[in-house]
């Protein structure tokens, strides 16, 4: 029997039944227990959501920027008031440790909405003089109806990241969460409605990739913001362009390098590498999974990482002491185990982990040990391909130029990091790394103020930061003539 009632769609400010007649189950990754049956949206449901969004968007855009800002701030207050209950729901649906969801997922999502609520009143145009009797002014106008397609690793945070700039700029958003973690986006919809966001301005349509394709191809949607894998992102981008030349934002995969130089504080470097690989059980798109270590400090670094891996507390996500939970699904577990086996077969040396955990309370869950491979080569699958799990690959390098060249030798370009005590080297290397998000002597923080996104096949456009708000508007140019019109004929 499911823990929660059947989950419906959220359209027009309230819950409605899907017309498809289809449902799917969402499971607790820690136990395998069915959390809820979720209704699958049909094409008719997507059309209904679009009609609702168009109507709501007109009302929302007609408000002043200050009015929109106040409503979004009320939503922030509600998110923070309900942080603990939302974190508990997110833990059940994703398998993340409660210590993590309490401190990160809802907190950072609320921060982003608060950030854009503050920027809503700063949207402005320009005045451009042409001559004494004529000038141009520009207006930044909302796009209209936008769609967000979320990933399963940060369900409510991603919903906040995508909806905040869209709504602040006067748009409506139809959001499709991942079918693997579909619960918390509905709670965000409830909160937006309670805060005073007009009906239809934030709709949630549940379902698998068919629903994402419907959104990408819909002619009345002006923009798609997608978070997920590269291959799916390419399909979404193709459909978005072919249907109506939609604007797109793509936050895709990565195989990010972390460079540890021989002058680094190795204790700090080991802390950074461990966090960059095992936070959220390694299910983070920016993970620094390719750890390049300068030869002279390789053995010491490896020993320090092993010390830290031994301190990781794998356990029930609901236990406050746990800091490493299960993978999100059986499919993800088997994918990760397949990569671990590949690493062994290709000759990498297993330093730590590598096995599924099945004893005791791990029996029903999707648990795998934090895994570290050393003696890795650039041509190994575990080094080349995104695993999206707790698998660290340690590689050795001799000099700066070599490290940079190898770090950049990838189709991805999402994130990169450098650990060194040499300030000049830190900036010199970072400036040559082909990645959109970079860290020096730290890893992983993505505050609301910081634009995040990738180079190469890791994405298009950015999320967060001022620049993202601009991409949820379009510019209208208006020329005004104060003098007589000069006829051509």
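Keep in mind that glycine also has a Cβ here, set from the backbone N, Cα and C atoms.
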Record-annotated NAD(+) site (Swiss-Prot): member among 285, 438 besides 150, 151, 152, 176, 177, 178, 179, 229, 230, 231, 232, 253, 386: 285
Residue among 84, 93, 105, 111 sharing the K(+) 1 site, where Swiss-Prot lists 26, 180 as binders: 93
Neighbours of residue 463 (active site, charge relay system) among the recorded positions 162, 179, 180, 245, 251, 285 (Cα to Cα, within 10 Å): 162, 251
Secondary structure of residue 456 (K(+) 2 binding site) (DSSP, helix/strand/coil): helix
For residue 26 (K(+) 1 binding site), the one of 150, 162, 177, 179, 251 that lies nearest, given that the recorded positions are compared by Cα: 179
When distances run from the Cα of residue 247 (site 'Seems to be a necessary countercharge to the potassium cations') to each of the binding-site residues 93, 152, 177, 232, 459, the nearest one: 459
By Cα-Cα distance, the member of binding-site residues 152, 179, 230, 232 nearest residue 459 (K(+) 2 binding site): 230
